[in-house]
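A.B. asks: Sending over a structure as structure tokens; questions will come in a sec.
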Amino acid sequence: MGEIRDIEKSTPRNLPSTATGPELSLQVIISAAASSMREMESDAPGASMEVYDSSDSSGFPFEVNPQEAWLPITESRNGNTVTSVFHLLSSGIGIQSLLLPVAFSTLGWAWGIICLSLAFIWQLYTIWVLVQLHESVPGSGTRYSRYLQLAIAAFGPKLGKLLAIFPVMYLSGGSCVMLIIRGAGTMELFFKVICGGEATCEDKSLGGAGWFLVFTCMAIALAQRPNLNSIAGFSLIGAVTAIAYCTLIWALPISKGRPVGVSYDSLQGKSDMSGICDILNAVGMIVLAFRGHNLVLEIQGTLPSSSKRPSKMIMWRGVTLSYIIIALCFFPIAIAGFWAYGNKIASTEGMLNAFFLFHGHNTSKFAKALICLLLVINCLSSFQIYAMPVFDNLEFRYTCMKNKRCSRMVRAGFRIFFGGLAFFIAVAFPFLPSLAGLIGGISLPLTLAYPCFMWISIKKHQQKANGFMWCLNLGLGCLGMVLSVLLVVAAIWNLATKGLHANFFHPR
């Protein structure tokens, strides 16, 4: 996300210190992303990219810029297909997938499956585009290991930062805040399951802020690994737990049968405007279930590359394997979840609540506790990979100011600082998940539209040779922008008609 320039050209600068509102508060989390606007010379956008000398006799590029070897994302380039699969699964499967049956309750069987299939194909295509653009100039040795770098290379310094900073900021630091809120809530649910619902449970419970603090301390304690490659073990745990809870959450309801009175009639608002907004919100739930595009270039940046075997070959193999598994998780959740609960799931905010509401009474304590535990472990593991771009930006600022690698104490200090800031935002704005549709609609172009426009911009000299690709990317990019606007309008309409319970500093 941060722009990388040669150390000799780096000069000390102060970090930005202003931020207001829920969204702007997140800007502080990755202040380096905002301050990078002053790091880039407007007439030399390519100066920020990673440049390599491909003439190294080892067959692998030799890194000219020493700063790249100091930063968490590119400090180690010893990754492989297996580690990329771990990272992609850990970042790609999240608690958002449990909302897919809710979307089906509005869209119905046919349109639900169609929209889910189209969204899966579309986002897989944009991942392919990002993988190809990581080393978009063959033989030059230039690698774009951060999403913001690629945006600047494609759109220029000003427009690139304007379009990409907020989505990247939200999808990294904001995702960590969401993980604290969701993970802490699931920890409290796990405690209640273990406690057995006794009258003393409430007295023993820590309360909302207490659970937030426990989860944050655990996440930051685990976040002391030095670079992205070193957390492959955490990503493996995150991938295994994600697959496990996704499987349990749809297999158990099927084995226990459907509740009485299940209906599959499409739920839409009574008025035309309300019905349209409900449909758009359902489409938004499906699109937002596919996450992790802001980490694709970062994951590819951990892979070795040479002229004979570029990193895109290794990365695409990892993407193919991981998204076969993701499809085997998402489609059963959506289909089996809607089959089990029908329209009853619409008022439960997802599969987890629906399972505890309708099948909690005839499910063993062990099974319920296991699902909660898997979710908590998955949130802790996902926190590590989503926080890594934030750590990378903070260390980038430090290395620019000091012209040296971060020491262990400084690195630990940055991680503790970020954890404290994320904890504060989570406690201050515990209702942020309610705004996920709005903020997600704003950040949706990063997933579905910007990669297409990046392809057009970077490959414009090959327009005649790639006429079909140019038209395809132009159409998908424009459609993605239109969809983003519609989702934002629908989210604002829902907030205006249904209201928002803004419980500032009162997490529950």
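Just so you know, glycine gets a Cβ as well, placed from its N, Cα and C.
Straight from TrEMBL, here's the annotation block:
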- 1-20: region 'Disordered' (REGION)
- 1-11: compositional bias 'Basic and acidic residues' (COMPBIAS)
- 78-492: domain 'Amino acid transporter transmembrane' (DOMAIN)
- 110-131: transmembrane segment (TRANSMEM)
- 162-185: transmembrane segment (TRANSMEM)
- 205-223: transmembrane segment (TRANSMEM)
- 230-253: transmembrane segment (TRANSMEM)
- 314-341: transmembrane segment (TRANSMEM)
- 366-391: transmembrane segment (TRANSMEM)
- 412-432: transmembrane segment (TRANSMEM)
- 438-458: transmembrane segment (TRANSMEM)
- 470-493: transmembrane segment (TRANSMEM)
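In terms of burial and nearby residues, how do these features look in this structure?
C.D. replies: With a threshold of 8 Å between CB atoms, the same-chain residues lying at least 6 positions outside the transmembrane segment (314-341) that come near it are 79-82, 84-85, 88-89, 92-93, 97-98, 100-101, 103-105, 109, 112-113, 116, 120, 124, 127-128, 131, 134, 242-243, 246-247, 249-251, 253-254, 258-259, 262, 264, 289, 296, 299-300, 303-304, 348, 351, 354, 358.
Listed by sequence, the residues of this chain that lie at least six past the ends of the transmembrane segment (366-391) yet keep a Cβ under 8 A from its Cβ atoms are 1, 29-30, 72-73, 87, 90-91, 93-95, 146, 168, 171-173, 175-176, 179-180, 182-183, 186-187, 189-190, 193-194, 215, 218-219, 222-223, 225, 227-228, 231, 234-235, 237-238, 241-242, 244-245, 248-249, 252, 294-295, 298, 352, 355-356, 360, 411, 414-415, 418.
Listed as Cβ neighbours of the transmembrane segment (412-432) (distance under 8 Å, sequence separation of 6 or more from its ends, same chain) are residues 22, 25-26, 28-29, 173-174, 176-178, 180-181, 184, 208-209, 212-213, 216-217, 219-220, 223-224, 387, 390-391, 394-395, 398, 406, 439, 500-508.
Residues of the same chain lying 6 or more positions beyond the ends of the transmembrane segment (438-458) and with a Cβ under 8 Å from any Cβ of it are 23, 122-123, 126-127, 129-130, 132-133, 136, 147, 150-151, 153-155, 163-164, 166-168, 170-171, 174, 284, 287-288, 290-291, 293-294, 432, 469-470, 472-474, 476-481, 483-485, 487-488, 490-492, 495.
Away from its own ends, the transmembrane segment (470-493) comes close to residues 122, 125-126, 129, 273-274, 276-277, 280-281, 283-284, 287, 435, 437-438, 440-442, 444-445, 447-450, 452-453, 455-456, 459, 463 of its chain (Cβ-Cβ under 8 Å, at least six residues beyond either end).
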A.B. asks: Which residues, given as numbers and ranges, are at least 6 beyond the ends of the transmembrane segment (162-185) yet have a Cβ under 8 Å from it?
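C.D. replies: For the transmembrane segment (162-185), the far contacts come to 1, 23, 26-27, 29-30, 33-34, 37, 95, 147-148, 151-152, 155, 208, 211-212, 214-216, 219, 291, 293-294, 375-376, 379-380, 382-383, 386-387, 389-390, 418, 422-423, 425-426, 429-430, 432-433, 436, 439, 442-443, 445-446, 450, 507.
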